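So the structure is just underneath, and the comments pick up after that.
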Amino acid sequence: MIRKIPSFIEVYKSLIQIPTISSNNKLLDQSNKNFIDLLSNYFSDLNFSVKNYQIPHTDKYNMLACVGSGNGGLLLSGHSDTVDFDEKKWTKDPFKLTETNNKFYGLGAVDMKGFFALILEVISSINIKKINKPIYILATANEETDMSGAKNFIQSTIIKPDCIIIGEPTSLKLINAHKGHMSYSIKVIGDTGHSSNPDHGVNSIEIMHDVIRSLLILKKYFKEEYQHPNFSIPYPTMNLSSIHGGSAINRICPLCILNFEIRPIPGLTLTQIEIVIKEKLETIMKKWSHRIFIKKLFSSVPAYECPHNSGTIKIVEKLCQLNSAAVNYCTEAPFLQRIAPTLILGPGSIEQAHQPDEYLEHYFIQPTKNIITKLINKFCY
């Protein structure tokens, strides 16, 4: 096949140099349109049909590229956005791909713009005219915040591939399950007053003490009632993350705020957790209904699992000579899993993601290309 796009390195450089930061801080959040436009052009040059979809009420976009027709096939998926960064902690330019010591440095180098560069490198070297089933490439928006890109995609798409591979950095280990994530903030409003007469007002810290006691009972309940042997920590976890209250030693505390998170295992739904939280806090909430307020901090992510008896897992395990495993971090898999069996498999280590001087090690390049080629050959030819 005659190459129609720049070299792997040139493509990789061009993807890194476009900022695509997603952040809940509006001052840091950026559109990914320029990145999506560039990626779309690359796939168009390789004879893919490309459609870009704007996420409603945002300046963020998804891209779906396709070559071939019919049912089934393979979907290779990744997110276009990165986290923000602390410039003081970086020793290299985050938006310039730097190759040194057998590593590629740059913001998004491993999480996960390198995966797109590798897909393009493989596609540019194979004869796509002979495929029997479609190859899909999905680039999503806002994975690093609310995952609205993946959520929007599954609501609108009609495609039904045989297999979805998300190229998150797994050190090329095959992942078929991960925990979910829920985060909450509880605010307790008390009374202000002089500490010389502490019974003259309601102390928010004292109410929060009862709230925490109820949450710790819930934490124990999760640990005792729910187990999944494939996880290194085999039960749902709860972490009381931060607590703030009070302003002076001689003042009744008028406000106390507690933030906490829960990481559910597969089999424990977000709805179940919400119901149990309400049950455990019901008594104290009724007693102090006008003083206790609870809200979600961020969009929740369900736990995910592609069952071991799935034919897709068996095919990919045999094809790549890998055994599937479970991890504790979150991806878009629970959403994409709703349209087709989904697995997570990609180059680089998760330990380098979201870190200063983020990098992808060079030795992942050829094995990743080999795996992508095998997947395309298996599901599309």
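Backbone N, Cα and C atoms are what each Cβ position is placed from, and that goes for glycine too.
The annotation active site is assigned in Swiss-Prot to Asp81 (among others) on the grounds of sequence analysis. In the three-state DSSP scheme, Asp81 (active site) is classed as coil.
As annotated by Swiss-Prot, active site applies to Glu143 (among others), with the evidence given as sequence analysis. According to DSSP, Glu143 (active site) is assigned to coil rather than to any helix or strand. Counting only same-chain residues six or more apart in sequence, the Cβ atoms lying under 8 angstroms from the Cβ of Glu143 (active site) belong to Ser22, His79, Asp81, Gly149, Ala150, Thr331, Glu332.
The annotation Zn(2+) 1 binding site is assigned in Swiss-Prot to His79, Asp111, Glu168.
Residues near His354 (Zn(2+) 2 binding site) in space but far in sequence (CB under 8 A, at least 6 apart, same chain), listed by position: Val83, Asp111. Marked as Zn(2+) 2 binding site by Swiss-Prot on the basis of sequence analysis: Asp111, Glu144, His354.
Taking only the Cα positions, the spacing between Glu144 (Zn(2+) 2 binding site) and Glu168 (Zn(2+) 1 binding site) is 12 angstrom.
Neighbouring residues of the recorded Zn(2+) 2 site, listed in sequence order and excluding Asp111, Glu144, His354, comprise Thr82, Val83, Gly108, Ala353 (Cβ within 8 Å of the Cβ centroid). For the Zn(2+) 1 site, the Cβ centre of His79, Asp111, Glu168 serves as reference, and the other residues of the chain with Cβ at most 8 Å from it are Gly78, Met112, Phe115, Glu143, Ile166, Gly167, Pro169, Thr331, Gly346, Ala353.
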